[in-house]
Amino acid sequence: MDVFKKGFSIAREGVVGAVEKTKQGVTEAAEKTKEGVMYVGTKTKGERGTSVTSVAEKTKEQANAVSEAVVSSVNTVATKTVEEAENIVVTTGVVRKEDLEPPAQDQEAKEQEEGEEAKSGGD
């Protein structure tokens, strides 16, 4: 039973790690895009400078929004995948459902931690 718990836990950790790297990559890309747009803005000067700054900020905001959507989607897929894997081992009789459920205290701590991460933006 512990083998399955540990295996599912490792799977979750792997997905979370991948999500964080994806989010970090999108954020870095947004910063570089902003830098490029700002560079063009400083070279063109004049009235276009303000427009370029606005475009750079909007580009960064949109990239961050996409990043958040990707993170949310991947988390949903990961959760469903692990849930289905748990269902399979329970349905086939390899493990009892009670053996897979974490103790109530652990579950409450996990939910509280997830709530805090959501408030802080996952940082």
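The backbone N, Cα and C atoms fix where each Cβ goes, glycine too.
Features reported for this protein in Swiss-Prot:
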{"type": "MOD_RES", "residues": "SER67", "note": "phosphoserine"}
{"type": "MOD_RES", "residues": "SER72", "note": "phosphoserine"}
{"type": "MOD_RES", "residues": "SER120", "note": "phosphoserine"}
{"type": "REGION", "residues": "20-67", "note": "region '4 X 11 AA tandem repeats of [EGSA]-K-T-K-[EQ]-[GQ]-V-X(4)'"}
{"type": "REGION", "residues": "93-123", "note": "region 'Disordered'"}
{"type": "REPEAT", "residues": "31-41", "note": "repeat '2'"}
{"type": "REPEAT", "residues": "57-67", "note": "repeat '4'"}
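Most Cβ neighbours within 10 Å among the modified residues SER67, SER72: this distinction goes to SER67. The helix, strand and coil residue counts that DSSP assigns across the repeat '4' (57-67) are 11 helix, 0 strand, 0 coil.
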